[in-house]
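K.L.:
Just passing along the structure, written as structure tokens.
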Amino acid sequence: MTTGKSIMLRGLRKAWGETVSLKGIDLTIPEGKFTTILGPSGCGKSTTLRIIAGLEEVSAGTVEIGGEDVTSRPASGRDIAMVFQSYALFPHLSVAENIIFGLRVRRMGRAERDAKLTAAADMLGLSYLLDRKPSQLSGGQQQRVALGRAIVAEKSIFLMDEPLSNLDAKLRAEMREEIRDLQKRLGVTMVYVTHDQVEAVTMADQIVLMNQGEIEQIGSPRQIYSRPETLFTAKFIGTPPMGTCSARALGIARDDITVGIRPEALVLDQNGPIRARVGHVEYLGADAMVECRVGDETLPCRISGRTELTLGATIRLSVARDDLHAFDSASGQRLDTLPPEFAALSAAQTTAPLGSHASSTER
Amino acid sequence: METARRQWIYAWLMLSPAMALLILFTHYPAVQTIVNSFYSTPRGRRKAVWIGLDNYQTLILDDVFWKVLMNNFWYAVWTIPLSILLSLAMALWVNDKIRGRGFLRMAYFTPTVLPLIAVANIWLFFYTPGFGLIDQIRGLFGLAEQNWMGSPDTALYSMIAVAIWKEAGFFMIFYLAALQTIPPSLREAADIEGASRWYYFRRVLFPLLMPTTLFVSINAVINSFRLVDHIFVMTEGGPNNASSLLLFYIYEVAFDYWDTAYAATLTVVMIAILILLAIGQFFLFDRKVHYK
């Protein structure tokens with residue numbers, strides 16, 4: 001079918017009066033790939049998407065689609081289709097009319113129009129709903145109609161603005177898969193805005209993490225998870241997010257460094273170099289989350305659900321060298337090489353079997 | 001059994017105050033009007049007597065009745081569509097993000113706030129031959145003086161203009177309120193599909209405004225029979241009944257000539273017309289109206 005086009009944003013700035021929403025975005029979105037723009041609310045991700053769509057004007061910078069500068073081109077001339085958070089279905093039109101709305105605008109012939117409608121409706125399982133009004137559909141069905149409208153448009157780029165946020169959890173998981181499949185099948189370039197990191201991580205080829213109008217990090221889900229470039233990324237990605245504490249709490253005499261350790265990277269180890277006290281334990285079934293108190297700070301640790309720890313007990317923990325992340329406390333930037341002092345933290349590591357709490361707990 | 005009956009009594013007691021008022025001041029007079037139309041007008045010691053359809057025969061033979069009915073027809077034909085179109089256009093304009101939007105909205109609504117009697121006085125000045133506003137402007141272009149309200153050709157249309165000016169601002173408020181409930185994402189979705197402004201209006205905006213249009217048009221129909229205050233101030237139906245409307249004629253017959261029975265007959269006809277129009281509108285529009 002259609003092939004995707006790449007999108008390139010250069011020096012994108014957007015301000016409404018005094019409020020600066022985007023502070024210079026440089027971003028390349030590769031063709032035919034699934035890119036999610038992720039970030040907390042108010043970080044400028046929706047604005048970025050709306051600028052790509054041509055619904056919002058830029059204050060400075062350029063937008064290129066497929067190598068062409070489209071900064072001043074209207075939305076209809078950008079070869080894009082968009083699915084809105086509210087779906088933006090026309091309430092007085094039937095499902096069929098909603099889907100072919102754009103084809104009617106372009107005065108497409110009846111036969112061709114009907115063929116496209118049938119194909120899209122079959123693909124989305126909407127065939128038996130074509131005569132209904134949007135108000136007679138469930139949230140998931142409405143979502144599919146909005147997708148149908150984007151599919152029949154046969155554009156190279158799909159833009160989606162938090163399309164799943166109005167659905168319940170079960171449906172969301174289903175639609176996630178469906179949208180991912182759809183993108184692969186159509187081969188379009190997908191730009192998907194979300195504040196939900198699970199959506200971003202499960203669906204994306206590339207994640208663009210934004211914060212306060214700037215890009216924090218661009219990378220594959222794996223890169224972003226395993227090698228966060230900033231403290232913000234480290235704390236934003238992962239459920240629960242990465243635990244952080246000052247280097248001093250771990251017995252390293254450096255005040256300018258913040259240490260990050262993922263909960264699953266912290267393991268109980270009777271010879272481990274990190275001494276901690278057991279704080280609150282949250283039992284989750286298969287595993288449990290333990291608040292480990294190191295100094296005055298806490299690090300979360302994920303242990304097997306079968307291990308029982310007593311509140312207030314002293315435990316020893318270790319962490320693999322590769323799982324240690326160090327950040328500059330002032331700038332939040334990742335330190336590329338671990339300072340030598342950190343060798344002590346992972347040197348004494350011996351892999352102790354998980355769940356043998358009797359051996360790893362000192363009373 | 002006993003409690004059921006008690007609840008009935010309770011229900012009727014609760015309803016009775018409102019019902020008493022409605023029956024006393026709405027239903028009874030309405031029925032009485034219909035009854036009166038079959039009797040003669042009581043004068044002095046002569047009581048009203050049953051005269052059957054005599055009043056209706058008089059009505060059919062009454063030239064003035066047919067004249068005012070035609071006047072009212074043209075009054076409706078011009079005021080209803082023009083005031084609705086104008087109000088819709090104004091609402092669409094002040095719904096956009098434009099400079100001085102608040103001021104414009106207020107300016108459009110002002111005619112509605114002003115009493116029609118006061119409005120009539122303003123327009124009296126506009127229409128005055130010679131030094132009225134319209135003639136002054138015409139004078140700048142070397143056009144002759146025109147007696148807008150004094151000429152049988154223009155008197156009715158002068159009244160129509162005042163009514164449209166008065167009504168459009170009022171209807172605009174309803175359209176404006178309806179426009180604000182339409183999410184902007186619909187416009188954006190249409191933009192992405194390449195729909196022109198006109199296409200979007202025709203296929204999306206106007207159909208979504210249909211409930212408002214129905215409401216406004218029924219009001220406009222009622223107003224086209226009801227809004228006659230300015231005629232009292234400006235022309236008193238003249239010259240030669242050129243600007244007289246049905247309701248104004250009823251008033252004249254009832255309170256100038258004191259022919260109350262004939263006035264009752266005219267009232268019955270007017271109410272019948274209004275009911276027919278309202279029912280017609282509901283049936284005509286209802287299938288086309290999409291309610292959310």
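Keep in mind that glycine also has a Cβ here, set from the backbone N, Cα and C atoms.
Copying in the features that TrEMBL gives for the protein in this structure:
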- B:69-279: domain 'ABC transmembrane type-1' (DOMAIN)
- B:9-30: transmembrane segment (TRANSMEM)
- B:73-94: transmembrane segment (TRANSMEM)
- B:106-126: transmembrane segment (TRANSMEM)
- B:155-179: transmembrane segment (TRANSMEM)
- B:200-222: transmembrane segment (TRANSMEM)
- B:261-285: transmembrane segment (TRANSMEM)
K.L.:
With the transmembrane segment (B:73-94) as the reference, which stretch in B:9-30, B:106-126, B:155-179, B:200-222, B:261-285 has the largest tally of C-beta pairs below 8 Å?
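P.N.:
Selected stretch: B:155-179, with the most Cβ pairs under 8 Å.
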K.L.:
Using a threshold of three or more Cβ pairs below 8 Å, and leaving out pairs closer than 6 in sequence, do the transmembrane segment (B:155-179) and the transmembrane segment (B:106-126) count as in contact?
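P.N.:
Per Cβ check, the transmembrane segment (B:106-126) touches the transmembrane segment (B:155-179).
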K.L.:
Who are the chain neighbours of the transmembrane segment (B:261-285) in space, where the CB to CB distance is under 8 Å and they lie at least 6 residues beyond its ends?
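P.N.:
Same-chain contacts beyond the ends: 30, 33-34, 36-37, 39-41, 48, 55-56, 58-59, 65, 210, 213-214, 217-218, 221-222, 225, 246-247, 249-250, 253-254.
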